[in-house]
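Colleague: Starting off with a structure, shown below.
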């Protein structure tokens, strides 16, 4: 006589039900959880990278040191560090140096026209980086971050001109809000009193940041335009192609801006741990684009930027004795709001999915 235990029966039924579930359901659940963890990690990283980058840049230029480094030299070493990082990644993807050199020969040297395409944006980005150093020398970290969001406006304008894109009404409104916010922040900056012996000039910093944002907008849209229809290349290889032009361009910039001083004092004049860390972090910021493209959507990037602005403002109060007034807070709020408005999924048509395997 068989004794029926309801608990055992229920357990058996549950096991049967579980066995009947397709295996891919469990795999998808694990992948979904893994994807969420990656997105959270990327969000934290982007917030950290944005805030630390700006604060480091400002600190390296505003601190009281007997020997101030040449910003043009820092830009040069940033490009050098970047190319070594990218070479390492290419060799790693190609399973060793031999495969890496074959990939370099195929993508860089055997396709000179494809490499030549990135000449203009590479040189423009070098010029832009020099201007950002100039802006960071004359603007507080929080102000610098807010003004640098003007690249949204310049990118939109050049997208209309070069790519024939159309903006929605809400996007035009967000650009107007952005412009108003930046103007309010600039008014607060110019209205603040300069301390005795303070060599920073907010107007110079503001103009340098705006010029850099204009260059950034044009270079970004131009880069997107020339790469449409081009053969897919990994982000590491594309950065190596750009370094072919960026390193010579940054070297020329040294001699045009600080040539005589470098000849007299040396290339590494004023360099210390902080400067090397700033150069390395600048390189990391440029390569973070790869992470953004693959894992972070617009909401994540905008949230990271907004939190980074708040962090930069709070840290600047304690580190640089920055005193934001009501005009600055209002302008900063408008800029943060415009960032979310411009790329809101409710108003922006979703782009077609691209093959991320090559990113």
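Each position is counted from 1, following the chain as shown.
Note: Cβ is positioned from N, Cα and C throughout, glycine not excepted.
Reproduced below are the annotations present in TrEMBL:
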TRANSMEM  69-91  transmembrane segment
TRANSMEM  141-163  transmembrane segment
TRANSMEM  170-191  transmembrane segment
TRANSMEM  203-223  transmembrane segment
TRANSMEM  235-256  transmembrane segment
TRANSMEM  276-296  transmembrane segment
TRANSMEM  303-320  transmembrane segment
TRANSMEM  326-343  transmembrane segment
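Just tell me what is around each of these and how deep it sits.
Modeller: Counting same-chain residues at least six beyond the ends of the transmembrane segment (141-163), those with a Cβ under 8 angstroms from any Cβ of the stretch are 50, 54-55, 57-59, 132, 135, 171, 175, 178-179, 181-182, 185-186, 188-189, 202, 205-206, 209-210, 212-214, 216-218, 220-222, 224-225, 305, 308-309, 312-313, 315-316, 320, 322, 324, 328, 331-332, 335, 338-339, 342.
Same-chain neighbours of the transmembrane segment (203-223): 118, 120-121, 124-125, 127-128, 131-132, 134-139, 143-144, 147-148, 150-151, 153-159, 162-163, 186, 189-190, counting only residues six or more beyond its ends whose CB sits under 8 Å from a CB of the stretch.
Beyond its flanks by at least six residues, the transmembrane segment (303-320) meets 43, 46-47, 50-51, 54-55, 58-59, 62, 140-142, 145-146, 149, 296, 332, 335-336, 339-340 of its own chain at Cβ-Cβ distances under 8 Å.
When Cβ-Cβ distances below 8 Å are used as the criterion, the transmembrane segment (326-343) is approached by residues 142-143, 146, 149, 152, 156, 170-171, 173-175, 177-178, 180-189, 191, 298-299, 302, 305-306, 309, 313 of the same chain, each at least six residues removed from its ends.
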Colleague: Could you give the residue numbers and ranges of same-chain residues that sit at least 6 residues beyond the transmembrane segment (170-191) on either side and whose C-beta is under 8 angstroms from one of its C-beta atoms?
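Modeller: Distant Cβ neighbours of the transmembrane segment (170-191) are 139-140, 143, 146-147, 149-150, 152-153, 156, 202-203, 205-206, 324-325, 327-328, 330-335, 337-339, 341-342, 344, 347-348.
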